[in-house]
Amino acid sequence: MRTIAVLTSGGDAPGMNAAIRAVVRTGLEKGLKVMGIQRGYNGLINGEIFEMDTHSVSDIIQRGGTILRTARCEEFRTEQGREKAAKILKAFGIDGLVVIGGDGSFHGAQLLSKLGINTVGLPGTIDNDLAYTDYTIGFDTSINTVLDAINKLRDTSTSHERVSVVEVMGRNCGDIALYTGVAGGAESIIIPEKEYNADKLCKQILQGKLKGKMHNLVLLAEGVGGANELAKYIEEVTGIETRSTILGHIQRGGSPTCMDRILASRMAYKAVELLISGKSSRVVGIKNGEIIDMDIDEALAVERSFDQELYDIATILSK
């Protein structure tokens, strides 16, 4: 192993820069040449590859986003596109590739490994939707961003004695809504993993008002969607003024938290070690506080277990 490269793919997540920094500095310390690939698989196919040194990653650990940029790539979805990518990696003398991203990015790494490229994946996604790992890079920062937002929304909702419906990210995984719902004291949490009934929700809101609640906070994962429609329905049924807020891409930005910086650094260090040891088609994660690695195929096949206990706690504490 003489030369490794790193790319970021899919949606950006706070902590990606910390991971890039750790890959570069660990690789250099181990005597490797480290290359950066811009704009994910799209940049790989277009040959947007450059050599990195310690100065390339100076003063980036505190920055959100990714200095390598990220982009979608339709061409990489084709066999010809992947073969072109593999040839370019070999032409640059790259022996190993670290891919930072979500499940789609991992599928790409998996396919490249079948073309003879040593690959290791790092989980970089705010959704926390990769089942093989307890946490993904970016999740902690995202939930703290959301928590700050709902704290402010609670202030104005209380002042006006209204219902606030807040839509957060999470298509198939409701962890952002669940975690921030518990931490933010939400009265209702609506996530893809659990069915909900709008009429039952309205009844709960009315019961809360009878108990003296001055406001009501409803957290809604985008996988369920329809925050504007739900807010309108709640107001029609209950007669209580209701406002909707869709937080959107603000959840992906911002300086990463201490946890995300440390998690990214530990995972990236492990990724370089795996490549040096000759391992390929692996992903890195964290389980019970320990950094782990496993086969990409096995990782992608792991079924996600829903945290029923946390959901039950949220239900009890919201009453």
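Placed from the backbone N, Cα and C atoms, the Cβ positions cover glycine too.
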So Swiss-Prot lists R21, A22, V23, V24, R25, G185, A186, E187, K211, K213, M214, H215 for ADP; which of R63, R154, R252 goes with them? R154
Among G11, G170, G174, Swiss-Prot assigns to the ATP site of R72, C73, G102, D103, G104, S105 just G11
Might you list, by sequence position, any residue in that chain lying six or more from G11 (ATP binding site) with a Cβ less than 8 Å away from its Cβ? T70, G101, G102, T125, I126, R252
Check R243 (substrate binding site) against DSSP and tell me helix, strand or coil, would you? strand
Over the residue list T125, I126, D127, R162, M169, G170, R171, E222, R243, H249, I250, Q251, R252, recorded for substrate, what is the maximum interresidue Cα distance in Å? 33
By the DSSP assignment reduced to helix, strand and coil, which category contains R72 (ATP binding site)? coil
